[in-house]
Amino acid sequence: MSKRIDVSDLNVYYGDFLAVEGVTMAVEARSVTAFIGPSGCGKSTFIRTLNRLHEVVPGTRVEGKVLLDGQDLYGPAVDPVVVRRQIGMVFQRPNPFPTMSLRDNVLAGIKLNNSRMRKSEADDVVERSLRGANLWNEAKDRLDTPGSGLSGGQQQRLCIARAIAVEPDVLLMDEPCSALDPISTLAIEDLIAELKENYTIVIVTHNMQQAARVSDRTAFFNIAGTGQPGKLIEMDDTTKIFTNPGEKATEDYVSGRFG
Amino acid sequence: MTVDTAARTESTPLTHRQLPRRIVPVVLAVSIAAGAGLAALVGFSLPALAILSAVVFTVAITTVSGVVEGRRKAVDRLVTTLVYSAFAVALVPLISVVWSVLDNGLVRFGADFLNTSMRNVTGLHDQEAVEGIGPYIGGAYHALLGTFLITALATAISVPVGLMTSIYLVEYGRGKLAKAIRFFVDVMTGIPSIVAGLFAASLFAVLFGVGTRNGFAGAVALSVLMIPVVVRSSEEMLRIVPNELREAAYALGVPKWRTIVKVVLPTAVSGIASGVTLAIARVVGETAPLIVTAGFTSSINSNPFSDWMMSLPAYVYSSAMRPLSGSEPQPSFDRAWAAALTLVIIVMALNLIARLIARIFAPKTGR
């Protein structure tokens, strides 16, 4: 179920502007990989290239290779829709569909793709996904109420349930806790620890403690200055990055002496 | 530090002198009395009373407030008064229109008026009715039916075209083509309605022979006016659907067209539906394009594809401008007013329906 990702020499553009330059990295299966770095260094842009969501913004393009278990995501005959079915994503701000009930939100990935499903089967998916996202106990009695009636932390866990309901190989998380309070954050971090048993997880975070707590490997991105492209500075085991990084810039950043 | 703060508190108190709350009605009453006196000098009339009272009130409240409360409060009261006056002025035409339509229209308005047509009603009947020999007869059923059919057809043409155009503009349109479409939609919004009518009339003249007039031609003329309104309102509604929802659907592996149909449109449907309803309300009262395309008739015609078809605006126009009886035009005028009342009721109902639709379809918050 879970797959590894190998990126080689990836350049990401907005129009003519090179936003991220020359990223080469390997993301291991069944592990948590964290991306850290200052704002504007291209972490979010880069993570969006991993499920081909970057290109939905007009005028954007990508050069280089992203291999999902050896298959190039940017190959000429690849359908981005099929890619996104295998690589799920959770966004910075919780975004449940406002027109749908809680239950329909969880089933959105299945229903919107018009797959037919028996009711008992759908019930199983809803329960399994909500249990997987640690939301079942809070949500089971209000499955038919609108998803937007939940609190922010619950909405984010609903979005995680929605993402894992389609059983992707990889789960991308773009600052999933930045809009949440510490308790909801803790719930989601616990969840990430459970999810990595089955999924490959990539998480962007501004919270260094969070990266240290949840991730197995950490990648540090940086930019030389405004208008310069973001670059991958170094990537290593999380403990190494936070205790004994290879680069001076990494050490400055993780120890708070940035700039 | 502490000494400094205490000194400042003493020099700039947080409280200041205030006028009592009851000052506004009191000054208003005095102003109306003064306005009445001034109006009597120039020759008393209701508009003169209203204008003079308003002027006196504005000056009085600003002066009193300036003396007691200070400059900032005085300016606040002045601007508040001006804003309320502007609102009152804006309401005058609306209230006066509604009043005169109700006052004149209720004479003949009723179930009988809505249920009968003008077939075989002549000036002789009107004269007899005025002389008290016969009953008042004749109604607007044929016009009501025509308006309903023509507007329904126009909606059936405009909504698919308009909605799909707006989907193209918001979801797909990039570059010059989209810019051109948006520009021409704006131009279409400003087309005079008679031009739309002449366009439809000449189109049908070319296709089906000169002088072809039927309900469908009227519907085509109305949809020329309606499409740009539908495009604009739907475009606004689709644009405010957050991009995050589209990306959330894409990230689940949902194709773009299905994202639009199942996520974007349902999220925007309340706004689109109320926009369409308001567009209908906008064209339902169009007169000129229907006169040149659908024509006039005194009979019931339920087939919009053949023969002339009456509509309510055309009925109002012909009853007011060409009374059946030259010597006794009042019954015709009464029918025109009753038909005008029917139109106003329809437009108001459509506006209410638009609000209702917006509320019913709006995404539920669940709180």
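The first residue you see is number 1, and the count goes up from there.
Positions of Cβ are set from backbone N, Cα and C atoms, glycine also.
Automated prediction, rather than curation, is the source of TrEMBL annotations.
Same-chain residues lying 6 or more positions outside the transmembrane segment (B:23-42) and placing a CB less than 8 Å from one of its CB atoms are 48-57, 60-61, 64. For B:23-42 (among others), the entry in TrEMBL reads transmembrane segment.
Residues annotated as transmembrane segment in TrEMBL: B:48-70 (among others).
Positions annotated as transmembrane segment by TrEMBL: B:82-102 (among others).
Feature annotation from TrEMBL assigns domain 'ABC transmembrane type-1' to B:144-354.
Within its own chain, the transmembrane segment (B:148-171) is flanked in space by residues 178, 181-182, 185, 215-216, 218-220, 222-223, 226-232, 234-235, 238-239, 256, 260, 264, 272, 276, 279-280, 283-284, 290, 294, 302, 304, 309, 311, which lie at least six positions past its ends and keep a Cβ under 8 Å from the stretch. Sequence annotations record features per position, and here TrEMBL assigns transmembrane segment to B:148-171 (among others).
With a threshold of 8 Å between CB atoms, the same-chain residues lying at least 6 positions outside the transmembrane segment (B:183-208) that come near it are 165, 214, 217-218, 220-222, 224-225, 227-229, 231-232, 286-293. Among the features that TrEMBL reports, transmembrane segment is placed at B:183-208 (among others).
What TrEMBL records for B:214-231 (among others) is transmembrane segment.
Remote same-chain partners of the transmembrane segment (B:263-284), defined as residues 6 or more beyond its termini with a Cβ less than 8 Å from a stretch Cβ, comprise 147, 151, 154-155, 158-159, 162-163, 171, 222, 225-226, 229-230, 233-234, 236-238, 240-241, 245-246, 248-249, 254, 312, 343, 346-347, 350-351, 353-355, 357-363. For B:263-284 (among others), the entry in TrEMBL reads transmembrane segment.
Sequence annotations record features per position, and here TrEMBL assigns transmembrane segment to B:336-358 (among others).
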**Item:** Same-chain residue ranges lying at least 6 outside the transmembrane segment (B:336-358) that approach it to Cβ under 8 Å
**Value:** 97-98, 101-102, 104-109, 113-114, 140, 143-144, 147, 270-271, 273-275, 277-278, 280-281, 284-285, 312-313, 315-316, 319-320
**Request:** Report, as numbers and ranges, which residues of the same chain sit near the transmembrane segment (B:48-70): CB under 8 Å and 6 or more residues beyond its ends.
**Result:** 16-19, 23-24, 27-28, 30-32, 34-36, 38-39, 42, 76-78, 81-82, 85
